[in-house]
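Some notes on the structure that comes next.
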């Protein structure tokens, strides 16, 4: 099995690990991200099988131009992995800057919609696969995760709705919903506080970027008559939080 896969957010974490896994398996990989220097480093590592394009997926015009400029050998995209996303801050809603909420919505939702919409004709032609990186936060709320969880719930429902809209086209759509994962994502969430980021995972043995890359490859490797609607995974040391109870004095 081989083909062409486009991965958003390929400059670190899940995206970078997925790029490495698919190149190893003989695929051509298009990696997107904002940090051109990281894409260049990944291209130097992975060779001609990797094509990096630096642009902002929240910008519709930039997205259209970047996809239109793809080299001929990378145009027939078989898999889209919507991985780009972020969480900003750990504070409860009254203490959050509105711009952080807007940034999460723009990146996690608007950017995903831009690139998915532009690639749908190709994915239909190729009878391809759309993999959306959601989160267990789509199901289970946690303190400080209000808007982030809301964006991931959108992704999950969008995945199910997109599959319904593409019924009969041979396109598969999967929502992957990880629990605690240790990547650069958490360092962004904590505003660059390495100690706070490390403490979140202390003693947890969290999911790794390679675990998610292997999961995405497994989804893509299923027979064409099977669609994985959603896939929820957690570290063994993470389970479901109990309800909060406020007790009046």
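Every residue gets a Cβ built from N, Cα and C, even glycine.
Since this is a predicted model, take the numbers as computed values, not measurements.
Taken from Swiss-Prot, the feature active site, proton acceptor applies to 148, supported by sequence analysis. In the three-state DSSP assignment, the secondary structure recorded for residue 148 (active site, proton acceptor) is helix.
For residue 30 (NADP(+) binding site), the same-chain residues 6+ apart in sequence whose C-beta sits under 8 angstroms from its C-beta are 4, 5, 6, 7, 50, 51, 52, 53, 70, 74, 77. Annotation source Swiss-Prot lists NADP(+) binding site at 6-30, citing similarity to another entry.
Per Swiss-Prot, substrate binding site is recorded for 135. Note: residue 135 (substrate binding site) has non-local neighbours 148, 149, 152, 177, 178, 179, i.e. same-chain residues 6+ apart with C-beta under 8 A of its own C-beta. DSSP classifies residue 135 (substrate binding site) as coil under the three-state reduction.
Sequence-distant contacts of residue 26 (NADP(+) binding site), defined as residues of its own chain at least six apart whose C-beta falls under 8 angstroms from its C-beta, comprise 2.
The highest number of surrounding Cβ atoms within 10 Å, among the recorded positions 22, 148, is found at 22.
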